[in-house]
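Feature annotations, reproduced from Swiss-Prot:
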type	residues	note
BINDING	Ser35, Glu54, Lys55, Gly62, Val126, His152, Val153, Asp154, Met217	NAD(+) binding site
BINDING	Asp154, His169	Fe cation binding site
BINDING	Arg227	glycine binding site
Amino acid sequence: MLREVTITRAIVESYYRDLLNNLELDVAIVGAGPSGMVAAYYLAKGGAKVAIFEKKLSIGGGIWGGGMGFNKVVVQDEAREILDEFGIRYEEFEKGYYVADAIEVATTIASKVVKSGVKIFNMIEVEDLVIKDNRVSGIVINWTPVLMAGLHVDPLTIEAKYVIDSTGHGAQVAQFLVKRGLLKEIPGEGAMWAEQGEKLTVKNTREVFPGLYVTGMAANAIAGAPRMGPIFGGMFLSGRKAAQEILKKLKS
């Protein structure tokens, strides 16, 4: 016989256990878009304890819609090896241009991330940062519906040695530092220029404040660099670069 209360208990107890197990992290990633998920995968693969916090109900960021709702994405030569590592199928459109199904990209990356040991907490929004001794030391979290409704409910905190801002165009985590005068004003992304946007996304992936890395479009927003549209190689390479740099620091 199925009992509703047993179903409820199973959900509450297992979620509670997951949350307790992720209160202290090596890396807390904010945003489950392409760069954030790829960073999580490589961090977990390197032995780091990592979790992702996504404010929306769904994960994947801008992958799902491809270009203008045509659910295909393009990846260039430099990032093709990442598609291969994740086992994502693609076809060559022209030399140096590879096309993949956006749904396969989003679901395959997400599956690999979860199976690598990363816990993704969706519907949880980061509303502030923990800052101690002039260093980002964690994130302040609350339920997305609570913040959407404007309810006065105090948040909880997650401790982390490093935080990654993978929130995309708004660079929402870095904005908390701007608000407190700890980071200069964020100019936002520039106009579309795919080639430069892709290169600069990787170049701008860095630690912008002690304990805080930026990846993907958040990295370009902070630098005022161009947007690039539905080509995702830069996002993937950005996530991998952040993971590699953080792993070196964790092991030093």
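Even glycines carry a Cβ here, placed using N, Cα and C.
Structure coloured by features recorded in Swiss-Prot.
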| residue | record | CB count, 10 Å |
| --- | --- | --- |
| Ser35 | NAD(+) binding site | 36 |
| Lys55 | NAD(+) binding site | 22 |
| Val126 | NAD(+) binding site | 25 |
| Val153 | NAD(+) binding site | 10 |
| Asp154 | Fe cation binding site | 7 |
| His169 | Fe cation binding site | 15 |
| Met217 | NAD(+) binding site | 31 |
| Arg227 | glycine binding site | 18 |
Pairwise CA distance, Arg227 (glycine binding site) versus Val153 (NAD(+) binding site), rounded so that it is a whole Å: 36
Site extent for NAD(+), whole Å (max Cα pair distance, Ser35, Glu54, Lys55, Gly62, Val126, His152, Val153, Asp154, Met217): 32
Asp154 (Fe cation binding site) in three-state DSSP notation: coil
